[in-house]
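J.: Quick one: the structure is below, and I'll ask about it shortly.
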Amino acid sequence: MLQQVNGHSSGSDAQGGGSLRKDLQKFLSGEAPLHQLDDLTKVNPVTLETVLRCLQARYAADTFYTNAGCTLVALNPFKPIPQLYSTALMREYHAAPQPQKLKPHIFTVGEQTYRNVKSLIEPVNQSIIVSGESGAGKTWTSRCLMKFYAVVAASPTSWESHKIAERIEQRILNSNPVMEAFGNACTLRNNNSSRFGKFIQLQLNRAQQMTGAAVQTYLLEKTRVACQASSERNFHIFYQICKGASTDERLQWHLPEGAAFSWLPNPERTLEEDCFEVTREAMLHLGIDNPTQNNIFQVLAGLLHLGNIRFADSEDEAQPCQLMGDAKCSIRTSASLLQLPEDPLLETLQIRTIRAGRQQQVFRKPCSRAECDTRRDCLAKLVYARLFDWLVSVINSSICADPDSWTTFIGLLDVYGFESFPNNSLEQLCINYANEKLQQHFVAHYLKAQQEEYTVEGLEWSFVNYQDNQTCLDLIEGSPISICSLINEDPVPPELNRLLQQSWDPLLKVLFPTDPEEQPSGQSRAPVLTVVSKFKASLEQLLQVLHSTTPHYIRCIKPNSQGQAHIFLQEQVLSQLEACGLVETIHISAAGFPIRISHQNFVERYELLRRLRARTSSGPHSPSPDERHSEGSPCTEAATLQPLLQDILHTLPALSQAAATLGDPAEATPAPVCCGRTKVFMTDSMLELLEHGRAQVLEQCARCIQRGWRQHWHRKQERQRQAAVLIQAAIRSWLTRKHVQRLHTAATVIKRAWKRWRIGMAFLASKELDGVEEKHVSPVPLSTGSCLLPQTQSSLLAAIIRLWPLGLVLANASVGVQGFRRKLVVWACLQLPTGSHSSYKVQTAQEQAGITSIRALPQGSVKFHCRKSPLPYADICPEPSPYSVTGFNQILLERHSLGHV
Ligand SMILES: Nc1ncnc2c1ncn2[C@@H]1O[C@H](COP(=O)(O)OP(=O)(O)OP(=O)(O)O)[C@@H](O)[C@H]1O
């Protein structure tokens, strides 16, 4: 292999070859093992040979993706590696803080585009241009990227929206088998070669969830319907219906087992793509129901039968060519399947109608055999191309989101690679033209624009030569004379269109509606569109879309043309590297600055990095630009930005240092950054560093805000707590006051009632006792009138109060003392004046039991109550209080109380 590399000469002279060998030796003596170089810009020196060896070493080590500056080089492994595309790996790239630090992968590109959309940095919309020659792995790559977005762009919050997103993703993924069945075919280079270009627009909503998609197709190779190179096949769908139809369907579509069709070469070769059921299932998911599907397959069967129509040479030019062999049967079957009238079908194939002259006179000219064949093929191509376009529109209506529901998109462009066969058709020219256009977009966007911008911005830059394909494009599309303008002829014969408009078939009626603008003569007023003009217009439109997006490039490389794993053919790879200008790309990427940000945007985004500087700077305080502003110096916008810019750029060493201490020594040396006249130029690693620093500052700010908020929240909580305590205390004291007031009122009420009751009771008792007195005792005769003198009365009362207990005791104690003696004792006890005994009377009530009380009546008598007093009130009279003696009732005592006295 080394021999091959060293021996390879890419057109350079012997001297150049010698220096390259030297370069290679220098490179080979490098320390890093080749297969470990993740980025081709790191090979030194960057030459085709060194790049090639690096790719080969990586391929041998089963490492299929390598960065080449702004481009990702994808080598086709030609063997299944499930773990390389697992959902777990997709999530790993999605969750990685810096996916660029992981191994190069298409998921890195996918994730980068997704993050770009999220960051909203203009241009927000992204496009991934997947290019490479047929069989290099473009479709595979696009499919994997779609799966990647289906996984990462579908993390909706609610279950319902999750289901919607899942359904949309399923539909988008289901569009693949349908488009591949109708648009892919087995070629010499690829068993599943896409015979059309496609741009898939994945539509994302504000939350970056996939809400829908739209597919735009380019130039289907419709020639394949009627003409296939030897060892190649027609579109997969024809084989699928012939192999997978049920017995009933075979009868319905006139496809008997083992039937031979001239447009179905190599039917014996069975591919995994021949699975009819998968296509039908996917069509069903896209909303194409079974009757419509049957209608489609019936039309396709009609085309197969059309292909079996053979014409014989006509001996007389004035006579139409006759059908050969069993072609009559074929035309009948074809007419019946396409629901066309049989005779007009045959006539349209055999006879050309020419309109000429002022009156548009119609001339009918029988066609030659070759012309008949061409018209037959043209009819089939026309039907198939319309059917394919209709399918794409059905797919779009099924997967396209409401325009209001999406805001951004990621576009995936999967275009056919350069093609060159021994016999090339118009399609090959168009395919190669498309590739030249895309290469020019890459050159214009990346190589040319970048270098020109460096010069305009005043950066020191030594220009890297690249292959500009503008002259090639001028040849194809330039004006006034170019290949396109010369071949811009050969529209479809109008009688074919008119014939198909006569069909009763529901599908063909949709595909070929009657043109309302058509003149009675059969001419349409619409401008005639040729294949080339249509293709050119759609290509221009595509490039406009690409120009409005941030492009990302994936170059698929085919290590060998046999599609074999573990085989790396250097010559074949080298030609692909040369064709896509990869070495120039690497050169510019290695030396250049892929990131360009305007001063204004740079300052706006990274101004907060100055905080880092303020914290780390130990030198004398330099006035901040704001402070300088406040000094009032009149300055232009640019002059205002400059100091800010410088301030930000001065933080870079600190940032690099911080990154190095965090364990990435490569970051210790500040990544290159250049300040142009209006823009800041930098490398990816510089951008990464800045973003890292910005994230750090934002995190600190967030922490600071959190801390402030927490403090504020705690203070607020504390104030609220104190206020609550105050309110509680006030309410409690108010409640207590209310309660006490109520108690007080109640006590007053009770007191009043109690007093009233006591008075009442005392009155009743008094009345009762007085009543007894009245019954038993006649009023005491008083010496002076009917009542005692006030002085006598009061002294008597005082005596009674003072001495009645003694009297009571004596009265009780001297049970044996009777009559007058007893009275004497009582008088003595009561210290009644003996001389005046006639003025009051002492009476004891001691008939049945012991004395329970003594009562000195105002009339001058003292009354003793027996225990078994018949009085209902006097006995229950409340306890007397020393302060509330209001009458004699209070001295009534129970006998047992007397014992204690
Ligand atoms: N990453 C991969 N891993 C495994 N096999 C792959 C990978 N990429 C491509 N292949 C194989 O290579 C074949 C060709 O790939 P693909 O159809 O994607 O090529 P292409 O570039 O789209 O070709 P065309 O332009 O003809 O459509 C696939 O059928 C598949 O077998």
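Here the Cβ of each residue, glycine as well, is placed from N, Cα and C on the backbone.
Bear in mind that TrEMBL entries carry predicted annotations, made automatically and left uncurated.
Take a look at what TrEMBL says about it:
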BINDING   GLY132, GLU133, SER134, GLY135, ALA136, GLY137, LYS138, THR139  ATP binding site
COMPBIAS  1-13  compositional bias 'Polar residues'
DOMAIN    35-489  domain 'Myosin motor'
DOMAIN    490-695  domain 'Myosin motor'
REGION    1-20  region 'Disordered'
REGION    539-561  region 'Actin-binding'
REGION    615-635  region 'Disordered'
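Please situate the listed features within the shown structure.
T.: For LYS138 (ATP binding site), the Cβ neighbour count at a 10 Å cut-off comes to 29, with all displayed protein chains included.
Model confidence over the region 'Actin-binding' (539-561) stands at 90, taken as the mean pLDDT rounded to a whole number.
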J.: Around ligand 1, within a Cβ distance of under 6 Å, which of the binding-site residues GLU133, SER134, GLY135 show up?
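T.: With ligand 1 as the reference and 6 Å as the Cβ limit, the list reads SER134, GLY135.
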J.: When you average the Cβ positions of GLY132, GLU133, SER134, GLY135, ALA136, GLY137, LYS138, THR139 for the ATP site, which other residues in that chain have a Cβ within 8 Å of that mean position?
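T.: Checked against the 8 Å cutoff, the neighbours are ASN76, ASN190, GLY417, CYS556, LYS558.
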J.: Three states by DSSP: which one describes THR139 (ATP binding site)?
T.: helix
J.: Counting only residues 6+ apart in the same chain, whose Cβ is under 8 Å from the Cβ of GLU133 (ATP binding site)?
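T.: For GLU133 (ATP binding site), the qualifying residues are ARG189, GLY417, PHE418, GLU419, LYS558, GLN576, ALA579.
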J.: For GLY132 (ATP binding site), which residues of its chain lie six or more apart in sequence with Cβ-Cβ distance below 8 Å?
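T.: Within the chain, GLY132 (ATP binding site) has Cβ neighbours under 8 Å at ALA74, LYS138, GLY417, ARG555, CYS556, ILE557, LYS558, GLN576, CYS580.
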